[in-house]
Amino acid sequence: MTSLTRSVTAAAAIMALAAPALAQEVNIYSSRHYDSDDVLFDTFTDETGISVNRIEADADEIIARLEAEGDNSPADIFLAVDVGRMERAEEAGVLAPFSSDVIEERIPEHFQHPDNLWFGVSQRARIIFYAKDRVENPPVTYEALAEPEWKGKICIRSSSNVYNQSLLASIIEVHGEEGARDWAAGIVENMARAPQGGDTDQLRGLISGECDVAVANHYYFLRGFGGDVSGLSEEIDSIGWVWPNQDDRGAHVNLATASMTAAAPHPENAVKFLEFLTSDFAQTHFASQNNEYPAVESAPGVEATDRLGDFKADDTTPTAAFSRNAKAAQTIFNEVGWD
């Protein structure tokens, strides 16, 4: 899609959201930035006759916009790429509870907000990667990453990254603030370089030799097998992976999430869209197009995610802890000097 087409499309979406409400439409504010999701929205329209109007922005910008618009907001749906941002939306009072037997049946209970304010539509695991030619015995737990043997060998993103914020929040839940502070200090001590770039850049650091171990979300690695990720695809086979903590709580998993907004002008259509996200088509779409794991346990698997094999996910640490411990996590990041 050209930049001009994107501009025209964005302008059309803004005009649609500002127009008087129509019976057969649903308005979505999304912090998911994937062109492949166009297929998802088009299929929903084909199946229901409900047109989709979408605006994309950073999650915090969307929350601020929903607050500013108040009862006059045209948005029906808020889509976010993590639990933490959805919890912030809850705190801001911009979400509304919804009722759906379909969602209750399809989505595991631990992926649902207790008051039905949001639910997880796909899973994103944060796991350990390593350079095969330099590491024979990689760390097999998050805790092991802080051990002295990995001093100067780890690539990991900035503390401003929500994926790391949620990971540390989960560690606070498991080990308490003191234990989490010790862990974070150990990670800082073991960094091969100052945090820089996104998850793909941490994997590139393994290939360039800047680090021996990296932490990233699983799907950034899987994208490398598509052959078009510069600095990664060419040497993707040199990288190994570890599903952390398989002998205890399991791998840390965050969720892409969906919710209905407090001022939704089309609540019935909003619920229909939310239910559509739990369909086999939508769940397989998340896996095949963005290498995410389905939230629906019975959804068909796809070759891309099957590449990493089976794993045990942490389903004992409540996702609500990611937000509940967010402030403590940020304090710890600041105290230990994790930029």
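Heads up, the Cβ atoms here are built off N, Cα and C, so glycines get one too.
Taken straight from TrEMBL:
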SIGNAL    1-23  signal peptide
BINDING   H33, Y219, Y220  Fe cation binding site
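Apart from H33, Y219, Y220, the Fe cation site neighbourhood in this chain, defined by C-beta within 8 angstroms of the site C-beta centre, holds Y34, D199, N217, R223, N290, N291. Less than 8 angstroms from the CB of Y220 (Fe cation binding site) sit G198, D199, T200, L203, each of them six or more residues away in the same chain. Sorted by the number of other CB atoms within 10 A, the binding-site residues H33, Y219 start with H33, the lowest.
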